[in-house]
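Among the features that TrEMBL reports, active site, nucleophile is placed at S246. The active site annotation in TrEMBL covers H311. Annotated domain 'Peptidase S54 rhomboid' per TrEMBL: 178-327, in sequence order. TrEMBL lists 132-151, 182-203, 215-235, 247-266, 273-295, 307-326, 338-359 with the feature transmembrane segment.
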Amino acid sequence: MDRSSLLQLIQEQLDPDNTGFIGADTFAGLVHRHELPLDPAKLDMLVALAQSNERGQVCYQELVDLISSKRSSSFKRAIANGQRALPQDGLLDEPGLGVYKRFVRYVAYEILPREVDRHWYFYRHRSCPPPVFMASVTLAQIIVFLCYGARLNKWVLQTYHPEYMKSPLVYHPGHRARAWRFLTYMFMHVGLEQLGFNALLQLMIGVPLEMVHGLLRISLLYLAGVLAGSLTVSITDMRAPVVGGSGGVYALCSAHLANVVMNWAGMRCPYKLLRMVLALVCMSSEVGRAVWLRFSPPLPASGPQPSFMAHLAGAVVGVSMGLTILRSYEERLQDQCGWWVVLLAYGTFLLFAIFWNIFAYDLLGAHIPPPP
């Protein structure tokens, strides 16, 4: 029975008077009596919705959204009220899982703070489409690095090679009119150490986030961090170029770490305190290395070295926009007031940065190095 037939049967048998409400117990009996194809997790969600209603009923539209794998604000309220009768056994107790399903269970416990969300994700997850965005970005960054490494015969501190800054991908303040450089700089890296750090975090944190929250949301967050990074550098460190995907990486990591902290009691990932400390130490060390290379270059250079401000801008995007995305799992962002506030703030920043790049350099008489 397809989805439309199922919904028609429900409305005919459970809501013949078109009241707009359906009894949860009656619906559950209909599912078992007709052996309808509905995920066990969705029945649990139905109970949660019904328990949030005094008469144990569910709005027909909410039921349609549930069967269509959409999450409404009323479901969020049902969780917050704590009036649901959900199974108490966790996914850790699921026996006989294959390798991939065990990985899905691992991702659920790494990313999601509530057991009801973990059940929802575990039962409705499909392997297709795979998390292609973070994997594709990482692969492209590795290929670009290998090409430039072979061409320059230099694998560490590539930015000190005079030919490196001539790449059409690097953001350079003298090439601000070439707008694509505000994004494409993410494919270039200072050296093997920066590429390795970014690639590791993109795969360890970015891929699980993309599996749970989807390609569209995570790609939006990553690219917003990248764009904010280059624009912030153009405002705060006007003479410096930018390379590396650290803006996007720090947006993902900061969003995830902030989500873990705000849902500390509900997160079930092992050794979370130790891992939190290690992540903060590694991220701080990477920022410290970038600051050192910017102001105390270890080798003679023909111009300013890449700025570290992209790291900080990415972290700000992660804590603001990223946290809003991660806290809205399977809910429509357009229904969240906080999402519109974040979008307005980000849009205001973009407009300011655009006008700054058009007018401020000439008005302030900024002495930028000649473009390579």
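Note that Cβ sites are derived from N, Cα and C of the backbone, with glycine treated the same way.
Cα of the residue listed as 'active site, nucleophile' to Cα of H311 (active site): a span of 6 Å. Secondary structure counts, DSSP: the domain 'Peptidase S54 rhomboid' (178-327) has 110 helix, 1 strand, 39 coil.
In this chain, the transmembrane segment (215-235) lies in contact with the transmembrane segment (307-326); the count of Cβ pairs under 8 Å, excluding pairs fewer than 6 apart in sequence, is at least 3. For the residue listed as 'active site', the same-chain residues that are 6 or more apart in sequence and have a Cβ closer than 8 Å to its Cβ are G229, S246, G247, Y250, M283, E286, V287, A290.
Packing around S246 (active site, nucleophile) is summarised by its Cβ count: 32 other Cβ atoms lie within 10 angstroms of its Cβ, all protein chains included. In this chain, the transmembrane segment (182-203) does not touch the transmembrane segment (338-359); fewer than three CB pairs sit within less than 8 A of each other, excluding pairs fewer than 6 residues apart.
In this model, the domain 'Peptidase S54 rhomboid' (178-327) carries an average pLDDT of 92.
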